[in-house]
Amino acid sequence: MNVYDSERMGEALNAAGYQSVNVPDEADMVILNTCHIREKAAEKVYSELGRLKKLKDTNEDMIIGVAGCVAQAEGEEMLARAPTVDLVFGPQTFQALPDMLDELADNRADALAENGHIKKAKGVVRTSFPAEEKFATLFETPRQPLVRSPAAFVTVQEGCDKFCTFCVVPYTRGAEVSRAAVEIEAEIISLAQKGVSEITLLGQNVNAWHDEAGGDIGLGQLLRRLAEVAGIERLRYTTSHPRDMDEALIEAHADLPELMPYLHLPVQAGSDKILKAMNRKHTAADYIKLVERIREARPDIALSSDFIVGFPGETEEDFTATLDLVKQVTYAQAYSFKYSPRPGTPASEDPQIEEDVKSERLARLQELLNAQQVHFNKAQTDETLDVLFEKQGKKPGQMVGRSPYLQTVHVDADETVIGKILPVKITKAHANSLSGEILGS
C-alpha cells in the first residue's frame, strides 16, 4: 500500500513541477512515507529525521515531510519532537499535498517577514480521515501514471473495521472505504494503455471491497470486469481477511485464468483461544474449512499467510496449535513476526510474553515455514511456468520475472524480454527464488 501511495505522491509532485532525484543530498524536498505496524516504527523515523537534519542545516529551504501511519499516529507531537519537519500528513490526506505545500510557503513567507528567516515557520499537519475525499480528489482527472514496470499496484479499498486487538490500522487508516468500480476500471485501462499487463489490487482488507456507488457488487464481480480489460493478462489482490472470503470471490478463482493462483490469506494463529483474544472472529477450523473450499475451486492455488507468535496469553499448547495448523494447511510462503505491542491497541495493555520465549517460538515456526517454502519451490523444478519479466537482475545478462505463484524467477536473457510473459522451464529451485531457461530462445 505504501508503495502505491508513494507513487501517487510522486505523480502529484511531478504535476506541480518537481522532479525526482536519486539521493536525499540532491533534493529540495524529502518525504518519508512510513508504516506503523511493527514495534519502534516511530523511533526509526525520528532516527532518520536526525540524519536529514544535517542536510537541512546546510540548506534551510529544504522541505522535510513525514507521511503515512507514523505521521497519523504522532500528529502535532512530531513537530514538537523534530522541529526540522515541515509537513506531517496521514495516509488519507496525501492527495492534498500541493495545497499543503502552498500553505507551507505562506507560513514561511510570514516567518521571513516577522523574523528575517524561515526557521520558525509554522509546520503543516493534516491527519484527518477523509478517505472519501481522498478517492474523489485523486481521480477527478485521469491518472497519468509513472509506469516503471509491467506490473502495477492499484488501491481499491482503504481502512479496516475488524479491530483486531493487535492492530493499529483502524486507528491510522480509518474505517473501511471502497473506491467506485468505474474509477478503478478507468485507472486500470490507463495503465494497460501504457504497457502494464499485471495488476495487484490493494487494500488493508481488500476482499471487503464493495461498489456502493454502482450497485452492491463485491471483489469477485470486480475481478470479472477487470479481466475483460484489453491488455490485462494477470490479476492479483492483497491483503485479505478470512471472514470476507465469500463464494463469489472463490468462484472467480475457479473461473478466471487471469486471476493468478496465489492467495495471501492471513490467519495469525492456530489456537482458538488466541484467535478469540485477537478478535479475529473465526476459529482455526473455520480457516481450514475455507482453505479446503478454495483449493477445491482452484486446485493449483498457492497460499501464503501471516503469523504472530508470543501474543499475550499464548501458552506452549497454543503455539503448538499454530504449528499444527501450518502442517495441515502447508504454505508456499509466509510472513511471521514476534508480537510487538502497538500503543493504543487493546492487546498492548495485557501481560506480555517474555522476549526470549517469543524468539524461541518464532525460530521454530520459521523453520517449519521455510521448509514448506523450499518444498514448494523444489516442486516447480522441471515444470514450465509462464513468467512475466519485470527488470534486469543483479548479474550481467540476467533478467528477473514473477511466476504465477509470485516466485522470483531468474533467467539469462536480454532486455527485450521485459514486459513479456514467456514460458520458462525451471531448472533449479532456491530457498527464495527459482532459476530457469526461456523455452524457444
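The backbone N, Cα and C atoms fix where each Cβ goes, and this holds for glycine too.
If you look up TrEMBL, you'll see C160, C164, C167 marked as [4Fe-4S] cluster binding site. All protein chains shown were included, and the count of other CB atoms within 10 Å of the CB of C167 ([4Fe-4S] cluster binding site) stands at 22.
Positions annotated as domain 'MTTase N-terminal' by TrEMBL: 1-106. Across the domain 'MTTase N-terminal' (1-106), DSSP assigns 60 helix, 15 strand, 31 coil.
What TrEMBL records for 146-375 is domain 'Radical SAM core'.
The domain 'TRAM' annotation in TrEMBL covers 378-440.
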Other than its own, how many Cβ atoms are within 10 Å of the Cβ belonging to C160 ([4Fe-4S] cluster binding site)? 23
Counting only residues outside C160, C164, C167 in the same chain, those with C-beta within 8 angstroms of the [4Fe-4S] cluster site's C-beta centroid are K162, F163, F166, V168, V169, P170, Q204
